[in-house]
Every structure is written in C-alpha cells, then in structure tokens.
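Questions regarding the structure given below will be posed in turn.
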C-alpha cells in the first residue's frame with residue numbers, strides 16, 4: 001500500500017494576481033503531485049471560509065496563514081495515510097482537524113477552506129496516481145459513476161458584473177455548442193463564434209471594446225444587458241451555428257441586490273440615482289422576455305442568494321424548459337442543495353470545489369443534484385490557476401457542462417485542452433478535455449443536447 005510521505009504548501013498567485021494555496025503531496029512509492037485552489041471575485045456569503053492573512057501585505061489577501069496550517073497541522077496529520085481513501089481523509093480534515101460548523105454545516109473557519117481544499121485536490125491526484133488510473137476515472141470510481149461523459153463547454157465570451165470594468169450589471173454571457181458531435185467540434189464552434197464576436201464588437205464599438213475581462217471574455221462598455229444578448233445572437237448567426245450554439249447567462253444578481261430588496265441594474269454607476277432599481281418580480285419578467293427573444297437555455301444566479309421566493313417562482317414558471325442554476329444560492333453545500341430540492345428553488349447545481357472545500361462534499365452535492373433530476377455545471381473561479389483538476393472532475397462526475405471562461409488566456413484554456421499534444425499547447429483547461437477525449441477514443445461520449453441529464457443518476 002502506498003502512503004502519504006509528506007505534504008507541503010506554498011503561496012502562489014492566481015490569474016488576477018492574488019495569492020492562493022498550492023500543495024505538493026509525496027507518497028511512499030515515489031508519487032509526487034501538485035494541486036492549487038482558485039478563488040472567486042463574486043463570492044457567496046455562504047461559502048466555506050477562506051483563511052486570508054489580513055493586514056497590509058497583498059492588501060490583506062495573503063495566504064501565509066493557510067499555508068502554515070497545511071505545513072504545521074494538516075500535513076503532519078496525514079503522513080502514513082492511504083491517498084486512495086479520499087472520503088476518510090477529507091472527513092478527517094474537515095471533522096477532526098478543523099471541526100468548525102455553522103447553520104449550513106462544516107465551514108472550515110479554523111484551518112481555511114483554501115488550505116483544506118488544496119490538500120483535498122492534491123490527495124485526489126495522488127490517489128489516482130498510486131492506483132495507476134487517470135484522474136477522471138479515479139473520481140468516477142469515488143462517486144460510483146459507471147459512465148464518464150465529456151461536458152458541453154460554456155464559454156464566457158462577454159464579461160460584466162464584478163468581472164469587468166464596464167457598466168454591464170449581469171456578469172457572464174456564455175455560448176454552449178450543444179449541437180457539436182464531440183468536444184473537439186465544440187471547441188471549433190466556440191472558437192469560431194468567439195472570434196466572430198470579436199469582429200462584431202470591433203466593428204460596432206471600436207478596437208478598445210475588444211479588451212477582455214477577468215475570464216477572457218470581451219468587456220465592451222455597454223450597459224444594456226439585452227445588447228449583450230443581441231451581440232451573441234449576431235455572432236452565432238454570422239458564424240453559421242444558429243441552432244447548434246445556444247446561450248447561457250450568469251447574472252450574479254446578489255451583486256446588485258439592495259438593502260431595500262430591489263435589484264439595481266445600474267449598480268456600477270458612480271452617480272446612481274436609483275432609477276434602474278426593479279423588484280424581484282420585474283426582474284423575473286425581464287428574464288422571461290430574454291428567454292422569448294434569444295436562444296437561451298440556462299440562467300445562473302438570477303436572484304440574490306437569500307431570495308428563495310423568486311428562485312422558486314422562476315423555476316416553477318420556466319423550469320420545465322430552461323435551466324435555473326444555483327451558484328451563490330447553493331455554494332456546492334449539500335445542506336443548501338437539500339433545501340433547494342425540497343423547496344424546488346432551482347433545477348441545476350453549479351459545482352465549485354473551493355466553495356465547500358473538499359472533493360468528498362462536492363461529490364455528495366453532485367449526487368444529490370443528479371438524483372433530484374437536476375443538471376450540474378462544473379465551474380472555475382475568476383481567480384484561476386493553471387491546475388486542470390476541474391476538467392477531470394467534470395468528466396469523472398459526468399456533469400454534462402463545464403464553464404471555465406473564454407477560449408483565450410492560458411489559465412482558462414488549460415482546463416479545456418486535455419487532448420491536444422501538450423507541447424503544442426503548453427499552458428492550456430480546454431487542452432485537458434481534448435486530451436481526455438483523445439485518450440478515451442471510441443469510448444468518448446460528448447454530452448451535447450443531453451447536457452442537463454447526460455447519465456442516469458448514480
């Protein structure tokens with residue numbers, strides 16, 4: 001049996017230049033793996049607690065405390081443990097070493113979700129390596145998933161909200177190539193629409209409008225959300241993929257929810273007179289008008305993370321046909337997923353390991369969602385690293401969907417690229433998925449139009 005020989009953490013930097021945690025795990029059989037944890041810009045208040053340093057260094061965002069908890073507490077306690085025993089190790093870290101809880105379960109306040117999460121990812125990689133199987137297969141085995149599926153990529157091609165310096169309130173405008181027959185073809189469609197969109201934006205708004213946001217999408221200085229949707233529809237049509245490429249949105253409505261329980265669509269304007277504040281019902285009706293006018297299949301975080309009432313309303317009214325995704329609402333937390341299932345608040349889970357802080361709890365949330373008949377979308381964070389764990393997680397859990405930014409910026413592409421020669425694409429998450437598809441060969445299955453329910457619940 002291979003056992004953990006050492007665990008070492010260090011501070012590195014994410015794609016936004018903020019510190020984050022990277023962890024090495026060495027085993028007694030000579031295996032060495034490295035994993036790093038991302039962080040978000042628009043974070044839900046119910047996420048597990050990151051441990052940051054505070055103070056003036058790195059504007060308070062340093063992670064030397066989290067690194068210290070790994071090197072002095074978590075690491076020594078894991079020496080001699082079997083890295084294939086993911087559930088036992090995660091539960092040991094979360095329940096015994098940390099032990100902090102709030103009303104929504106294990107919150108990781110003592111050691112930090114960024115410390116525990118980075119170790120959990122590294123242990124998972126080590127478990128796959130000592131088992132001699134690909135990481136996605138190891139994750140499938142951990143979850144009891146008998147059939148792996150390549151996800152539909154949701155390319156975030158227009159950035160707004162907290163991810164861009166424009167006036168656009170809604171955070172992400174995405175394209176999903178559901179009409180592709182393979183992940184490779186989906187990449188082709190996505191890249192062609194992306195570059196077509198660039199030319200459309202440049203022609204309409206000028207060269208400066210093709211600057212990109214945190215996630216690689218364009219950030220034209222527009223304010224009207226419908227205008228963003230119109231740009232996508234035009235680019236899809238011009239690229240020749242009408243009916244094959246559809247639209248998804250991440251509204252991140254918690255970002256513009258106000259103390260008077262309205263939604264301010266002009267929240268990024270300095271001299272805001274409040275004229276664009278609307279009620280939850282009015283916002284719901286706005287979404288319904290979008291659904292009627294544009295080829296939208298998915299809306300994420302349409303309301304504030306505590307606005308369960310309007311989540312349930314929109315899911316009841318449009319959920320039969322459209323995907324309503326909970327991100328800030330659910331924060332990959334099994335207890336919040338359970339509540340949302342009971343109250344029929346949404347019909348899809350956004351999966352972010354760092355929100356909950358362990359691989360085991362993430363798998364639990366996914367299994368609950370699938371058994372409820374929900375969709376699952378695996379997701380990056382806006383502060384990403386070049387770790388491609390998310391690609392394997394998406395395939396291993398057959399989420400059917402993955403979003404990890406636009407088809408540019410190396411820390412985004414690294415998730416997508418896993419089946420083109422690494423020497424050709426040295427830094428690129430898209431390459432990771434391409435490589436997995438190539439490795440699976442004739443057994444590769446692309447979710448396509450079945451992106452919401454790609455496999456039987458496991």
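From the backbone N, Cα and C atoms, a Cβ is placed for every residue, glycine too.
Heads up, TrEMBL stuff is auto-annotated, nobody curated it.
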According to TrEMBL, 250, 327 bind Mg(2+); which one of 224, 227, 300, 305 is listed for that same site?
300
To the nearest Å, how far is the Cα of residue 352 (active site, proton acceptor) from the Cα of residue 403 (substrate binding site)?
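Each residue's Cα considered, residue 352 (active site, proton acceptor) and residue 403 (substrate binding site) end up 11 Å apart.
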Quick one: Cα separation, residue 381 (substrate binding site) versus residue 327 (Mg(2+) binding site), in Å?
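About 11 Å separate the Cα atoms of these two residues.
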Do you know offhand how many angstrom separate residue 300 (substrate binding site) and residue 250 (Mg(2+) binding site) by C-alpha?
4
In the same chain, outside 250, 300, 327, whose C-beta lies within 8 angstroms of the Cβ mean position for the Mg(2+) site?
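Along the chain, the qualifying residues are 171, 172, 249, 251, 252, 299, 301, 325, 326, 328, 350, 379.
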Measuring Cα to Cα, how far is residue 403 (substrate binding site) from residue 327 (Mg(2+) binding site) in Å?
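Between the Cα atoms of residue 403 (substrate binding site) and residue 327 (Mg(2+) binding site), the distance comes to 12 Å.
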Round to a whole number and give the Cα-to-Cα distance in Å for the pair residue 379 (substrate binding site) and residue 327 (Mg(2+) binding site).
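Given the Cα positions, residue 379 (substrate binding site) is 10 Å from residue 327 (Mg(2+) binding site).
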What is the average pLDDT across the domain 'Enolase C-terminal TIM barrel' (147-454)?
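Residues in the domain 'Enolase C-terminal TIM barrel' (147-454) carry a mean pLDDT of 91 in this prediction.
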